[in-house]
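Q: What Swiss-Prot shows for this protein is this:
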BINDING   Asp26, Glu27, Asp117  divalent metal cation binding site
DOMAIN    20-209  domain 'RNase H type-2'
Amino acid sequence: MEITCPDWTHETAALAEGFTCVVGVDEVGRGPLAGPVTAAAVRLFPGRIPEGLNDSKKLTAPRREMLAAEIHTVAEVSIAHASVEEIDRLNILQASHLAMGRALAGLPSRPDFALIDGHMVPKGLGHRCRAIVKGDALCLSIAAASIVAKVARDRIMVDLEQQHPGYGWRTNAGYGTKDHLQALLNLGPTPHHRRSFKPVHNILYQEASISP
C-alpha cells in the first residue's frame with residue numbers, strides 16, 4: 001500500500017497560473033453530536049514550511065499541538081467557527097461552508113486562490129478555489145489548516161467538558177461514542193448538543209413523549 005504525504009504541488013500550480021496569495025482551507029467537526037464546526041485557512045510560505053505536516057487524523061495529539069504552534073508562528077492563520085445554533089438552522093454542510101468563508105475572510109492578506117479539502121467548493125466565497133479530495137493528505141497548505149482547526153476545536157471541547165462534565169468531550173471531541181450516547185440517555189442533551197442530529201433529536205423526542 002502506497003503511503004502518500006502532502007506536498008507543494010498544488011500550491012506550485014496555482015502560483016504558476018499567476019496567483020500570489022494561495023491558501024489551504026479545511027474544516028473539522030462535521031460528525032460530532034456536540035460543539036461547533038471549525039474551519040481554518042492557512043497561508044504557508046516557501047522556506048518556512050514546518051516539517052511533518054500531514055492529515056491531522058494521522059498525527060498524535062502532542063504532535064498536532066507542536067505543529068499547530070509552529071504553524072501559527074511561521075504562517076498566516078485564520079480560524080473560524082459555525083455555532084451549534086447555525087448547524088441546526090442551516091444543516092451541517094452549509095454551516096461548514098459558512099465557517100470556511102469566515103476563516104478565509106479572517107486572514108490578514110486577502111487570498112486570491114484557495115485550495116479546499118473535499119469534493120465541493122462552497123458557494124459565495126469570493127475567491128478562485130479548487131477542491132481536492134483527501135486534500136489534507138495531499139496538499140501541505142490544507143494539511144496545515146487541518147491541524148490548526150483540529151487543535152482549536154479540541155480545545156473548545158475540553159473547555160465545554162468542564163462546564164458539562166460526564167459526556168467525555170475531552171476524549172471523544174463530541175463524537176457519538178458509546179459512552180457519549182449513554183451519557184446523553186442518562187443526563188440528557190446540553191445546549192451544546194446538535195438537536196438536528198438524529199441521536200440527539202431522538203432523545204429529545206423521547207423525553208417530550210414521556211413528560212407529563
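From the backbone N, Cα and C atoms, a Cβ is placed for every residue, glycine too.
Quick caveat, the model's predicted, so the values are computed rather than measured.
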Q: Over all shown protein chains, what is the count of other CB atoms within 10 A of the CB belonging to Asp117 (divalent metal cation binding site)?
A: 27
Q: Please average pLDDT over the domain 'RNase H type-2' (20-209) for the predicted structure.
A: 96
Q: Taking the centroid of the Cβ atoms of Asp26, Glu27, Asp117 as the divalent metal cation site, which other residues of that chain lie with their Cβ within 8 Å of it, listed in sequence order?
A: Val25, Val28, Ala39, Ala40, Met100, Ile116, Gly118, Gly135, Asp136, Ile142, Ala145, Ser146, Ala149
Q: Using DSSP reduced to three states, classify Asp26 (divalent metal cation binding site) as helix, strand or coil.
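A: Note: Asp26 (divalent metal cation binding site) is in a strand by DSSP.
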Q: Return the residues near Asp26 (divalent metal cation binding site) by Cβ distance under 8 Å, restricted to its own chain and a separation of at least 6 in sequence.
A: Ala39, Ala40, Ile116, Asp117, Gly135, Asp136, Ile142, Ala145, Ser146, Ala149
Q: When a 10 Å sphere is centred on the Cβ of Glu27 (divalent metal cation binding site), how many other Cβ atoms does it contain?
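A: The answer is 29 other Cβ atoms.
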